[in-house]
Amino acid sequence: MSERCSDEVWMRHALMLAGRAEAEGEVPVGAVLVLNGVIIGEGWNCSIGHHDPTAHAEIIALRQGGAQISNYRLLKAILYVTLEPCVMCAGAMIHARIGRLVFGARDEKTGAAGSITDVFSHPRINHQVEITGDVSAQVCAAQINNFFRRRRAQRQLLKPTNNPVNDIEH
């Protein structure tokens with residue numbers, strides 16, 4: 001199986017995990033950590049439900065992976081994530097010494113793998129992570145864009161109107 005084909009298979013798994021996040025009312029991001037062709041960690045966003053700003057899919061997958069192999073250094077592991085990581089998650093990947101990051105959709109608001117900044121290519125960073133972006137990008141982007149579109153529509157329905165006719169008691 002080619003690397004690109006393998007990447008798409010693992011990304012489908014990450015998309016399924018992102019669906020779990022969405023079902024829980026979370027931003028739909030999923031992550032799968034793979035070492036030697038075996039899943040050693042997986043996660044989906046649960047910051048809202050856990051009241052934890054660090055409970056991103058990537059962080060959860062990295063924590064599981066470290067526990068699985070009894071080592072925080074995840075050398076040669078590949079992390080598949082549906083959305084380009086933020087600065088916090090990029091930093092965790094560097095500290096974990098993952099070998100490769102594969103992400104789906106680009107994040108034009110907080111993306112730290114090239115969209116708004118590139119933490120991984122900073123010349124003074126002591127570990128280099130191989131980056132592959134835009135794997136299943138359209139599907140990943142559609143999932144997150146549709147989530148936010150629905151959320152905005154729900155907020156519009158809940159907004160009080162400024163129409164005085166609606167404020168009159170009958």
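Cβ from N, Cα, C; glycine included.
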Listed co-binder of Zn(2+) (same site as CYS86, CYS89, source TrEMBL) among HIS56, HIS122:
HIS56
C-beta crowding around CYS86 (Zn(2+) binding site), within 10 angstroms:
22
Tertiary neighbours of HIS56 (Zn(2+) binding site) (same chain, Cβ under 8 Å, six or more apart):
VAL29, ALA31, GLY43, ASN45, SER47, PRO85, CYS86, MET88, CYS89
Cβ within 8 Å of the Zn(2+) site centroid (HIS56, CYS86, CYS89 excluded): which residues?
ALA57, GLU58, ILE59, PRO85, VAL87, MET88, ALA90, ALA92, THR110, ALA112
On the three-state reduction of DSSP, what should I expect for CYS86 (Zn(2+) binding site)?
coil
